[in-house]
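Structure first, then comments.
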Amino acid sequence: MKPLLHELLDYNKHFVANQAYEQYKTTKSPDKKLVLLSCMDTRLTEMSTKALGLKNGDVKHLMTAGGIISHPMGSTMRSILIAIHMLGTDEVMVMEHHDCGFGALRPGPMIDAMKKRGISEEVIETLRFTGVDLDEWFYGYDNIYDSVRENVDKIKNHPLMPKDVAVHGVIIEPDNGEIELVVNGYDHI
């Protein structure tokens with residue numbers, strides 16, 4: 001059996017040779033002027049955009065574990081700010097989902113899984129000694145509605161976020177794509 005990397009690269013050769021890329025060409029700036037932050041759950045790879053009627057080129061789509069912003073100065077927030085200030089987006093939508101593995105994430109099982117993959121107790125203790133709170137970092141959330149509101153607030157209240165940007169919060173049902181509005185960003189601008 002061929003390793004995955006080689007399988008993917010072989011496919012790419014045919015993709016380019018057959019000009020299959022033509023249907024995906026678009027501009028760098030999103031047509032709908034929207035940043036969509038969603039969970040990286042494989043069920044949402046296409047469902048998150050299709051359920052909203054969005055197509056390639058409509059949005060800047062960021063996917064993280066849980067659709068969460070873990071640090072106000074981290075790479076996810078930086079990407080949102082770049083999309084707002086440099087790529088012409090005017091709105092942000094935080095999309096979390098029911099039956100989310102991140103919501104159920106707890107530090108004990110995560111640390112155990114890391115140890116099984118070869119991460120030593122010494123490394124874990126060194127991180128803790130240097131101030132990294134792994135128990136907080138690897139803790140999901142208790143209430144999805146609160147999580148959506150907290151992430152919307154992190155974005156909306158960021159010191160580098162313009163006050164005229166609407167930041168919405170929704171929850172998607174991954175089995176059928178139904179969207180539930182939690183925060184209407186237009187109410188807060």
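Keep in mind that glycine also has a Cβ here, set from the backbone N, Cα and C atoms.
Copied over from TrEMBL, here are the features:
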BINDING   CYS39, ASP41, HIS97, CYS100  Zn(2+) binding site
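The record gives CYS39, ASP41, HIS97, CYS100 for Zn(2+). Within 8 Å of the mean position of their Cβ atoms, the other Cβ atoms in that chain belong to SER38, MET40, ARG43, LEU44, GLY66, GLY67, GLU96, HIS98, ASP99, GLY101, PHE102, GLY103, ILE172, PRO174. Of the listed binding-site residues HIS97, CYS100, the Cβ environment within 10 Å is emptiest of other Cβ atoms at CYS100.
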